[in-house]
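Enquirer: Would you mind keeping the following structure in view while I ask a few things?
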């Protein structure tokens with residue numbers, strides 16, 4: 001019998017993994033080495049550091065992380081110990097891209113971003129960056145890409161140098177955090193880059209906090225800042241928080257569908273590793289995810305609908321007020337943040353007019 005220990009915040013973990021052996025649920029922040037001594041499979045999230053301190057001397061042979069990144073996993077050590085591991089790359093790509101669209105809608109409403117002839121730069125064009133690029137193009141942006149590692153691997157990929165991005169209206173960061181090698185991203189956005197940006201440009205980071213030198217950003221007064229990730233989080237620089245136009249607690253990828261997608265990806269890896277057969281069909285799981293019905297009032301446009309679903313301005317104010325009162329509440333805000341529905345799971349009533357339908361299609365509603 002397989003013994004499985006899982007983070008209790010992984011959606012549908014009991015429904016998917018409960019039939020394959022003994023399943024133990026525990027908060028990810030409290031998982032310790034002694035919990036894993038007789039455990040064969042560990043299912044976790046980014047809140048748990050997976051390294052020698054956690055796994056040395058345990059029976060763990062498979063690690064599945066229901067996350068799009070693996071900064072919290074010491075993959076080198078796991079490989080040396082012949083411990084198989086899997087994660088969920090791209091699971092949250094749609095959710096992050098739609099977070100960016102919510103921010104764009106909010107910035108449009110505040111007249112902080114042009115609606116016509118707007119330009120955007122995507123720095124880091126992987127799973128998430130590709131989707132963000134596609135969605136921005138569909139609402140009229142001219143999009144430039146910066147991803148030197150990808151350009152080195154793909155001869156047809158065009159990576160625009162950072163120095164050529166001075167005049168774009170929107171800069172979106174979607175790189176992993178890399179501190180070594182030929183293409184480090186730690187403090188990629190530094191004082192020099194920030195000074196280069198034109199006044200009134202928007203800098204949006206929904207990737208990794210330390211890709212931006214937050215101290216340099218604190219001294220930058222000519223750029224509109226939208227941050228979902230923060231250097232040194234869960235500790236947030238409160239002065240920087242006050243300067244941001246949009247501030248959220250690392251929740252850009254928080255959608256119901258993204259969470260389910262991530263669970264299914266590690267579920268598939270688990271089945272493959274242990275040579276097991278699927279006991280659930282994806283269609284059955286989809287039925288567990290209820291769609292959301294939104295009533296469209298007269299006169300609403302697509303941006304109004306986006307901001308009804310998720311208003312970055314309102315959430316930013318809530319974060320500022322909460323952390324001003326208690327700076328240690330970042331993880332609490334993140335843990336208890338309500339999951340959004342992706343646009344594909346939203347039903348609009350009554351049926352939109354042909355004009356609104358076209359507008360909604362451009363923004364990604366189907």
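The backbone N, Cα and C atoms fix where each Cβ goes, glycine too.
What Swiss-Prot records for this protein is below:
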type     : residues           : note
ACT_SITE : 208                : active site
ACT_SITE : 233                : active site
ACT_SITE : 250                : active site, proton donor
BINDING  : 46, 67, 254        : substrate binding site
BINDING  : 147, 175, 228, 253 : NAD(+) binding site
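Give me the local environment of each listed feature.
Expert: The Cβ of residue 208 (active site) has 24 neighbouring Cβ atoms from other residues within 10 Å, across all protein chains displayed. Secondary structure at residue 208 (active site), as computed by DSSP, is coil.
Contacts of residue 233 (active site) defined by a Cβ separation under 8 A and a same-chain sequence distance of 6+ are given as 209, 250, 330, in order along the sequence. DSSP assigns residue 233 (active site) to coil, not to a helix or a strand.
A sphere of 10 angstroms centred on the C-beta of residue 250 (active site, proton donor) encloses 22 other C-beta atoms.
Taken residue by residue with DSSP, residue 46 (substrate binding site) is part of neither helix nor strand, so it is coil. Annotation for residue 46 (substrate binding site): same-chain Cβ neighbours under 8 Å, separated by at least 6 residues, are 65, 67, 69, 71, 72.
Sequence-distant neighbours of residue 253 (NAD(+) binding site) (same chain, 6+ residues apart, CB-CB distance under 8 A): 68, 91, 92, 95, 96, 99, 206.
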Enquirer: Name the residues of the same chain, 6+ apart in sequence, whose Cβ is under 8 Å from the Cβ of residue 254 (substrate binding site)?
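Expert: Set apart from residue 254 (substrate binding site) by at least 6 residues yet with Cβ under 8 Å, we have 92, 95, 337, 339, 340.
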Enquirer: Once the DSSP letters are reduced so that anything not helix or strand counts as coil, what is residue 175 (NAD(+) binding site)?
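Expert: Coil, per DSSP.
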Enquirer: To the nearest whole angstrom, state the Cα distance for the pair residue 208 (active site) and residue 175 (NAD(+) binding site).
Expert: 7
